[in-house]
Amino acid sequence: MPSSRHRILRHVFGGICTKLNRTKRLSFDNCSMETPLKRCLTTFDITLLGVGHMVGAGIYVLTGTIAKDLAGPGIILSFILAGFASTLAALCYAEFGTRVPKAGSAYVYTYVSIGEFWAFVIGWNIVLEHMIGAASVARAWSGYIDSLLGGQISNLTQSVFGEFYNGFISEHPDLLSSLVCIFYSVILATGVKSSAMINSFLTGVNMSVILLVIVAGFYFGKFSNWSNPHNGGFLPFGFRGVMTGAATCFYAYVGFDCIATSGEEAQEPAKSIPIATVFAMSVVSLVYILVSAALTLLVPYSDINPNAALPDAFTEANLQWVSYIIIIGAVCGMTTSLLGSLFSLPRCLYAMAEDGLIFNFFASVNSRTQLPILNMVVSTLITALIAFVFELEKLVEIMNIGTLLAYTIVSASVIILRYKPSMVTYTNAVTMDKDSGPSPDACETSSNNEVEVVYVGGKLKKSYYCLKPLVGKYKPGSAVSTAVFIYILACALFCGNIHYDPIPPIKDVFNIFCLSISFIIMVICVIIIEAHEQNTAGLKFKVPLVPYLPALSILCNVELMANLKFLSWVRLILWMAIGLLVYFGYGIRHSKLNDVLSSYSVLLSPTEREKTDWGTITTKKTKSDLSSLYDDDTEPIIDSD
């Protein structure tokens, strides 16, 4: 009887583990471009969508708050560090954008490379990111207009609704921010192309105003505001303030995820996503650095008004006319930022619902507009409610930690997928010698005279055969996946020690031991990853210096997470608890991967469905193309099915 019970338990828990780790399949066939959504966005549209999303509330509200309370003039370094970490993550997003021309961004990427459970975790956090992002921008938009009107809107709202301050939510509700969310969601519901045109126009106006701010700020600014010892000099809060500011500055760069989310509505996603990502990140990073420099040159950081930093700074510099122009730019910038969040949120929910992980009605697409209208209505109402009751500062804190977690797993996914095997099919099977490809007995010819060959990435390079006793027993790609997981844990230990004790005393042997061991483990993991062969089949854009850049991105993201407040982690845990209830109560049972054909496998040919391993990439090659895949260090391995 006990043995039977044990067998049943092993079967049940084994089945659950299999479901948690099941992955999607990729295809580079033309049919992978099929979607119920409308593919109408050009590279220019997507670039301005990303730029508009990033250059909004961050430039007009966040810079003043961070400069005054966290970093002083050192905000320049904060934006440089946050921009560097974001650029590394953006490159990883760009590579995945060429692999998967689908909505869902990091959620889909994780589903392909790691598994369903972690995909849900990331998708759930991306939903939080865009929901909180839209609510925070709406709050900033409302607060900015209210400050310009002398607080008349907030006074009116408070007189009508009263106060419900309890330390966690806002002191008073904000009705205007809720109405703003609903209004701009209605604009998005008119169609993708029309809303993209509105976004492009508003972004153009905003960037023109920002250019004026930079030129005027440097021309009329005083470098003494950076060096005055009475104000604490350039780093009044020290380097810790710079790092804390960088963790908060990360909020300004979350818009490039909006670029990846548009993959299912891009005309040429493999081309548009990488170009738009790299260009948008370059422009936005430069803009934030220059604007923060101009602001702290105009006025001492201690005199900055965090609610309307730029207009007040130019007013104090007797440039009232610039202040009026800034108001126009601020309204346009925060509008585009809000449009970007409201654009991305329903598409992420749509992608998860398409896979069956959340409620099915989120995947319903209107046949006329080719938009998930019902999805947009529900997500907008929830966002409007959040904007109605939560304070801007708390919203930003909640969003940053979820975003950093998503970026960390995307960077890890790039490494994992780069070292996974891929299926290569070529036509006209004939006998080939060693120089041109495999011999007939090394291939399996199908009925349509196609030969399928598995070109394995992730196997140990000959130059690293000394590591064979350590990793030789693993299947191709498995050793890399294990090394990535251990590397992330080592990064968490390393950054945790630095954060809580940045300068460990010599006598603190335990702390030094933890730092040393975690650093050594990180180096060993990177060496193990580098020792394996990469798989770049079918990629039109590749992250350079893999695994080093993605590994550095993971380290930067973990370090920024370590600098966030403890309450941010508590709020993330509460949000994830709700998500786990949804997944284990609904998603794990309704997942499309429970069916014989997944939503992605139906895009594959019947032969490919049977033969393609989880997470592998399927491409077609002719005999002439195949010869370039083989060299002295690479031998073809044929699928035995």
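Just so it is clear, glycine is given a Cβ too, placed from its N, Cα and C backbone atoms.
Because the structure is a prediction, the values reported are computed rather than measured.
The transmembrane segment feature in TrEMBL is assigned to 43-63 (among others). Proximity of distant same-chain residues to the transmembrane segment (43-63), defined by a Cβ-Cβ separation under 8 Å and at least 6 residues beyond the stretch ends, is recorded for 75, 136-137, 140-141, 143-144, 193, 196, 199-200, 202-204, 206-207, 210, 248-249, 251-256, 258-259, 262, 266, 268, 271-273, 275-277, 279-281, 283-284, 287-288, 291-292, 295, 306-310, 326, 329-330, 333-341, 343-344, 392, 396.
Away from its own ends, the transmembrane segment (75-94) comes close to residues 63, 66-67, 105-106, 109, 242-243, 245-250, 252-253, 256-257, 259-260, 273-274, 277-278, 281, 284-285, 288-289, 292-293, 296, 407, 410-411, 413-414, 541, 543-544, 549-550, 552-553, 556-557, 560 of its chain (Cβ-Cβ under 8 Å, at least six residues beyond either end). Residues or ranges marked as transmembrane segment in TrEMBL: 75-94 (among others).
What TrEMBL lists as transmembrane segment is 175-192 (among others). Long-range contacts of the transmembrane segment (175-192) within the same chain, counting only residues at least 6 positions beyond its ends with a Cβ under 8 Å from a Cβ of the stretch, are 37-38, 40-41, 134-135, 138-139, 141-142, 145-146, 153, 157, 160-161, 198, 265, 335, 338-339, 342-343, 369-371, 373, 376-377, 380-381, 383-385, 387-388.
The transmembrane segment annotation in TrEMBL covers 201-221 (among others).
Under the heading transmembrane segment, TrEMBL lists 233-254 (among others). Counting residues 6+ beyond its ends, the transmembrane segment (233-254) has Cβ neighbours under 8 Å at 53-54, 58-59, 62, 65-66, 70-75, 77-79, 81-83, 85-86, 129, 133, 136, 226-227, 281, 284-285, 288, 301, 396, 399-400, 403-404, 502, 559-561, 563-564 in the same chain.
If you look up TrEMBL, you'll see 275-301 (among others) marked as transmembrane segment.
Sequence annotations record features per position, and here TrEMBL assigns transmembrane segment to 321-343 (among others).
A Cβ distance under 8 Å defines the sequence-distant neighbours of the transmembrane segment (373-392), meaning residues of its chain 6+ beyond its ends; these are 61, 131-132, 134-136, 138-140, 142-143, 164, 169-171, 173-175, 177-182, 185, 188-189, 342, 345-346, 349-350, 353, 361-364, 366. According to TrEMBL, the transmembrane segment annotation covers 373-392 (among others).
Long-range Cβ contacts of the transmembrane segment (398-417) within its own chain (Cβ-Cβ under 8 Å, at least 6 residues beyond either end) map to 85-86, 88-89, 92-93, 95-96, 99, 106, 109-110, 112-114, 118, 121-122, 125-126, 128-129, 132-133, 136, 247-248, 250-251, 254, 257, 477, 480-481, 484-485, 488, 529, 543, 546-547, 550-551, 553-554, 557-558, 560-561, 564, 568-569, 571-572, 575, 615. The feature transmembrane segment is assigned by TrEMBL to 398-417 (among others).
Under the heading transmembrane segment, TrEMBL lists 483-503 (among others).
Sequence-distant contacts of the transmembrane segment (509-529) (same chain, six or more residues past either end, CB-CB distance under 8 Å): 415, 419, 467, 470-471, 479-480, 483-484, 486-487, 490-491, 493-494, 497-498, 501, 547-548, 551, 555. Here TrEMBL flags 509-529 (among others) as transmembrane segment.
The domain 'Cationic amino acid transporter C-terminal' feature in TrEMBL is assigned to 541-591.
The annotation transmembrane segment is assigned in TrEMBL to 566-586 (among others). With a cut-off of 8 Å between Cβ atoms, the residues of this chain six or more beyond the transmembrane segment (566-586) that come close are 117, 120-121, 124-125, 128, 357-359, 397-398, 400-402, 405.
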Problem set entry | Reported mean pLDDT - the domain 'Cationic amino acid transporter C-terminal' (541-591) | 85
